[in-house]
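Residues annotated as compositional bias 'Low complexity' in Swiss-Prot: 9-22. Feature annotation from Swiss-Prot assigns repeat 'LRR 1' to 58-79. Marked as repeat 'LRR 2' by Swiss-Prot: 80-97. The repeat 'LRR 3' annotation in Swiss-Prot covers 98-119. Under the heading repeat 'LRR 4', Swiss-Prot lists 120-137. According to Swiss-Prot, the repeat 'LRR 5' annotation covers 138-157. Positions annotated as repeat 'LRR 6' by Swiss-Prot: 158-179. Annotation source Swiss-Prot lists repeat 'LRR 7' at 180-199. Residues or ranges marked as repeat 'LRR 8' in Swiss-Prot: 202-223. The repeat 'LRR 9' annotation in Swiss-Prot covers 225-248. The annotation region 'E3 ubiquitin-protein ligase catalytic domain' is assigned in Swiss-Prot to 271-565 on the grounds of a curator's inference. Annotation comment: Swiss-Prot describes C357 as active site, glycyl thioester intermediate, evidence class sequence analysis.
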Amino acid sequence: MFSVNNTHSSVSCSPSINSNSTSNEHYLRILTEWEKNSSPGEERGIAFNRLSQCFQNQEAVLNLSDLNLTSLPELPKHISALIVENNKLTSLPKLPAFLKELNADNNRLSVIPELPESLTTLSVRSNQLENLPVLPNHLTSLFVENNRLYNLPALPEKLKFLHVYYNRLTTLPDLPDKLEILCAQRNNLVTFPQFSDRNNIRQKEYYFHFNQITTLPESFSQLDSSYRINISGNPLSTRVLQSLQRLTSSPDYHGPQIYFSMSDGQQNTLHRPLADAVTAWFPENKQSDVSQIWHAFEHEEHANTFSAFLDRLSDTVSARNTSGFREQVAAWLEKLSASAELRQQSFAVAADATESCEDRVALTWNNLRKTLLVHQASEGLFDNDTGALLSLGREMFRLEILEDIARDKVRTLHFVDEIEVYLAFQTMLAEKLQLSTAVKEMRFYGVSGVTANDLRTAEAMVRSREENEFTDWFSLWGPWHAVLKRTEADRWAQAEEQKYEMLENEYSQRVADRLKASGLSGDADAEREAGAQVMRETEQQIYRQLTDEVLALRLSENGSRLHHS
């Protein structure tokens, strides 16, 4: 599976293929001609170097990500992994026959070419796809979220991971028996797909929240306890919810774990103009100017739901009871009006909040404040204040651990509104863990299932993991990397060079050694996992060394400390 955070994709190794001088010259001519036709902003020079090196050294992995490329040349035929995420590609060339992994996330693709039968992982998140080609029989992972898909082709029997959220699907094809993770939230689904009725050994997690499903099939109750199914945010009737509650509360219930929300079936889709919702947070003497500014954003994506979120936020217990809350929101809205990127991120975060209960709105407010702080860090606010950046990183780390703890707690409950669980840990531990982004009150703590003992255990776990893991985590944190790129450019370049040298000289052998030691040579799944582990270990080592060097210099200058008392 391709990583979404600090590590690159796992990779797999192909046998070396000898290329003669004639084919070398021919391919280099193709690359040279392609490089000459570069458009402004493209980094085809870097791409040329990586392509020629990959071809001449018969490297299994070709990484052309983050180069603003608008097209690709003919690809080396021997590669088994192609990474071209974060470019401006509108199409892909013919794919190599032995390709196993393709990552083309965050491009402008409207179609993708015929897929080779060898492909096991396809990741084309955040493109403009309206349909997919026939899927190869060996495919185990398919990530196509945030596209424009109206339907899916038949799913391969070996498929284990399927992400299709933020599309336009009204139905899903039958689900393969081996499917473990399905993320189909935020579509237009009106019915459930056909589930496998076999007894399962592996846990299955299926997410259908925020669709248009109104009823549940009778077979739903026949599923075994290996299933975790999220149906929150669907227009389910009160009768259906009551039936589910009776079913899951039975002492002899051994069926699936079902997630719902406190306001299912009661969503209110009415909203007022965005500018009106925003100006309501400002003093009367500022409202005219604010309204004029925000009128320009009325047609941005998720503007309507953001308007509804602001109205819901004003009705939370924090808005009513917390001194200075309105001023805090107004200051935040001013920052959004000045940054299109931050506004886009915030609109997206708030998109789901109006379709659930008040505590969902409160949790979303927490997440929006996190988004603001991380954005400010990435944009340079803390470039000259490493102590403040460390404090922010420490808070983000604590929140991440609390999310892990909440996730584990949710697994112990049968009929769960998971929002209440997540918010309970943040709200009830906000003071003890110094969580500046957490609201101090919530409405439905009583139904969260979180006990006083849970909170004591959580606090102890956060502090223990912080002591042992924080510096490693911080060394891989995106905002810290952004600071290093700006303020320590030479050191950062050296670290990146170390990483690419490892990819060229050590990576394949380390993966092969790991597979051999575990007796899993030739196992594609094990190969991907081993590749991801090797890559993460390498990045951890390189970035930790860089982090230690920079922090030792900066903290000694201002008297700050890395370790928190």
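Glycine is treated like the rest: Cβ placed from N, Cα and C.
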For the repeat 'LRR 7' (180-199): best-contacting stretch of 58-79, 98-119, 120-137, 138-157, 225-248, by Cβ pairs under 8 Å: 225-248
Distant-in-sequence neighbours of the repeat 'LRR 6' (158-179), which means Cβ under 8 A and at least six residues beyond its ends: 1, 125, 135, 137-152, 185-191, 193-196, 198, 204, 207
Contact set, same chain, for the repeat 'LRR 3' (98-119): CB under 8 Å, 6 or more residues outside the stretch: 2, 9-12, 14, 65, 77-92, 125-139, 143, 524, 528
Residue distribution over DSSP helix, strand and coil in the repeat 'LRR 9' (225-248): 11 helix, 4 strand, 9 coil
